[in-house]
Amino acid sequence: MVRLGSDCLEKRLRLCFEAMGHLVGSHPWWFLVAPLLLSTGLGSGFYFLEDRVANDIEEQFTPVDGQAKEERRYIRETFPGNESVFSRLRLSTSGTYGTLIATSEGGVLTAEALQNIAELDSEVRSMVVHHGNQSFAYEDLCAGALGSCAPNDILDVTVGNRVNLTFPWFHSENGSFPLHGSLGGVELCRNRSAVLSSRAIQLFYYLRQDEGAKTDLWLQGFLHLVSNASTASLQVSYSTSRSMQWEFQKTPGSVIRLFSTAYAIAITFSIISCWRLDNVRTKVWVALCGVLSTALAVLSGFGTLLLLDQPFVMTAASCPFMILGVGLDDMFILIACWRRTRVLDSVPDRLAGTYGDAGVSISITTLTNALALFVGYSSPFGSVRSFCLYAGVSVCFCYLYSITFLGACMALNGRREAKDQHWFTCGKVPEDLPPKTSKISSICSLGGQHNDIMEEEEPEAMSHVFEKFYGPFLTHKCVKVCVLLVYAGYLAVSIYGCLILKEGLDTKHLALDDSYIIDYFEDQRQHFSDYGLNVMVAVKQPLRYWDQSERERLRSCMSEFESLTFVSGTLAWFLSFQRYAKTNDLNLTSRAAFHTHLSRFLEVDSIFKLDLNLSAGGQIQASRFFIQTLQKIPKEEVMVKLRQTAAECPVPLLVFHPAFIYFDQYTVVRAKTVQTVLVAAVAMLVVSLALMPSPLCPVWVAFSVCSVIVGVTGFMALWGVNLDSISMINLVMCTGFSVDFSAHVSYAFVSSSKTDVNKKATDALARLGYPILQGALSTILGVVLLSLSGSYIFRTFFKVIFLVMTLGLIHGLVFIPVILTLLAACSAKASSDDG
């Protein structure tokens, strides 16, 4: 193959690694003890782990600079609210509350069901909890007005009364209120709004937000009380405003027990894959040290960041599983390169040859992994930033310990091999066994063999399979055609998956599968899914409401909102004020009359005071109204369309709902993921161009990276994984991990001394096919236990890593070798034609 560029930097790096290998091989104890001491010192940072934990859902799983957060800040400053007058509709947050949904197959509007629900409501309101020496009940903490707790209107209307309910609004002498938030699974009389039956009732118990520890204690007592409230005829699901946060904080505990098991599996696999019947040349101790090296890397990386006061988000808890795969991949490459060195050389020379052969290759993969992760730190999600920072620093330590600690272990193991000592007993293995030695004894004493012609260790059976069988098979013309056809099908399926990929993180996925809130969310989806959010619309500038033209401008904006297919109604202070004026025959055409009558109106309907920002002189500086939405389209589309409608209005408007804080992820996750992956891919291309000996090699690596990313994204969608802040973490990792396979094979291909392209591919597979297979399998085994986790976060991590490893392995051992032979052949033919 013609080399189109200079390999000057690669040659210099090779010399540097050879010098490093010789130094480590000459003084192994220094490079063994120093990492142990360093990791012990840095590991002291774990003392601060509890203080550094930052698992606030809003802070970590919503965009840091999301538009809704700015909108909420404006709402809070402009309409600060009044603790003495509670209105759920006007909260700038979700509030502090406990809630329950009572369902019954026979309906909840029967006298028996209503009586049972009323008794449960009474138990909740009379429940007493203790805080220190104080005892308090719901009425001591509840949000309400004039000393009275906010009622559950549906019970006040139905229990003990014979009334004909109307849906979605119920009108009575005492006023009107919406039923769609408290009555679910409603069946109406034909062509009427009268309620025939209902399968669910939802009750809310709102608390004041200034009580702190007391409210948490009451909410915990509420959960304990209603957890036993279900009966044969009435099923109760429940939640609180703090439930999601509390349940999310339980998630790390679901995987902590898996760490030790994962590392035990990794150790077992490493030993088995490195085991040889040759009791001298076997690499059992190196395999153990490889796992220990990754553990030290995690200890040092995490400890360093904890000492530097970096927040630790729960998503970073999956890093050790990833680092385990990275470290073992480097270990398998180093062992493979060690086996190709001359057995009769000194240990420093053998380690120098090992580092010279493997150093550039593992440096490329480490740099690309670290770059991808550090680029991911630019994400707008705190959870992604924390993961990328902790993983990136740990990858750097993993690389450092691979060329120091693990290299020192290899050197010490090499000294044992040079003395023909048994791997376990360290006793010298005799060259010739006594003639009457038993078969078992001969196997236990077997060792020290090497290839006398090549002066190398005997190749492993799998390397022989890659060289004699798999390589020639893969490079056959017919097989190449089949591989290209399979690749075309792979791309087609992957692209289809990318087109159907869904976006956004459903907050219920942050809880464990067996959490009580899963039942609550399911009941809410089943019985209360027709009506959506009640969104507030703020008028951000003073208007002359007494002026007909000004009112028409605002009314036209309201008409634009009401014309949207998912808007069912509007609640506005000035519409109520106009009805009040019309009923009382009031003239509102002058400024003075308008403000005079407005003051009287607000005394009658004081709740509307919360919708006005009045100056000291009584002038309206800003106001707001509300629109009720239907769940005809996804909630995130509702937010986007409402914002677009507000932007097109001639009056400056702002739309807001507390849920928009979470919906903002939908507006940025796709663009930010694509941007992050592209930047990481470009950075890796630059690294590959600088370190690989052929300019075409990085192009093939970049092609492989793009192909794997498309495949992972597509199959991720087909496996039921959304594009969200969790999968975004994994896609960033995918960008780095997918380099490992293609970089190793491509580097071995262009570095091969063979002249025929098929033989170059076979040689590359013989040299690195088995280590690549070992690395992929070790990573999959390292994360496979996460599939058993009850957490969506860790199951998603497993799914994506499994896809990355599987597709990367297929690319490295199937697609890339075939494509390399075709491109190299075309390049050689073009060069000969030019000549």
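Placed from the backbone N, Cα and C atoms, the Cβ positions cover glycine too.
Annotations in TrEMBL come from automatic prediction, not curation.
What TrEMBL says about this one:
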DOMAIN    255-412  domain 'SSD'
TRANSMEM  258-277  transmembrane segment
TRANSMEM  284-308  transmembrane segment
TRANSMEM  314-338  transmembrane segment
TRANSMEM  358-377  transmembrane segment
TRANSMEM  389-412  transmembrane segment
TRANSMEM  674-693  transmembrane segment
TRANSMEM  699-721  transmembrane segment
TRANSMEM  728-750  transmembrane segment
TRANSMEM  770-788  transmembrane segment
TRANSMEM  800-825  transmembrane segment
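Model confidence over the domain 'SSD' (255-412) stands at 87, taken as the mean pLDDT rounded to a whole number. Here the transmembrane segment (728-750) does not touch the transmembrane segment (284-308). Their Cβ atoms form fewer than 3 pairs under 8 Å, with each pair 6 or more residues apart. Below 8 angstroms of C-beta separation, residues 35-36, 38-39, 42-49, 52, 263, 266-267, 270-271, 273-275, 316, 319-320, 323-324, 326-328, 330-331, 335, 389-390, 393-398, 400-402, 405-406, 409-410, 413, 423-424 of the same chain, each at least six residues beyond the ends of the transmembrane segment (284-308), sit close to that stretch.
Same-chain residues lying 6+ beyond the ends of the transmembrane segment (699-721) with a Cβ under 8 Å from its Cβ atoms: 490-491, 493-498, 500-502, 677, 681, 684-685, 688, 692, 727, 731, 734-735, 738-739, 741-743, 746, 796, 799-800, 803-804, 807-808, 811-812, 815-816, 819-820, 823. Residues of the same chain lying 6 or more positions beyond the ends of the transmembrane segment (358-377) and with a Cβ under 8 Å from any Cβ of it are 10, 13-14, 16-18, 20-21, 326, 329-330, 333-334, 336-337, 384-385, 387-389, 391-392, 395-396, 398-399, 402-403, 676, 679-680, 683-684, 687-688, 691-692, 728-729, 732-733, 735-737, 739-740, 743-744, 747-748.
Counted as Cβ pairs under 8 Å, contacts with the transmembrane segment (258-277) are highest for 770-788 among 314-338, 389-412, 770-788.
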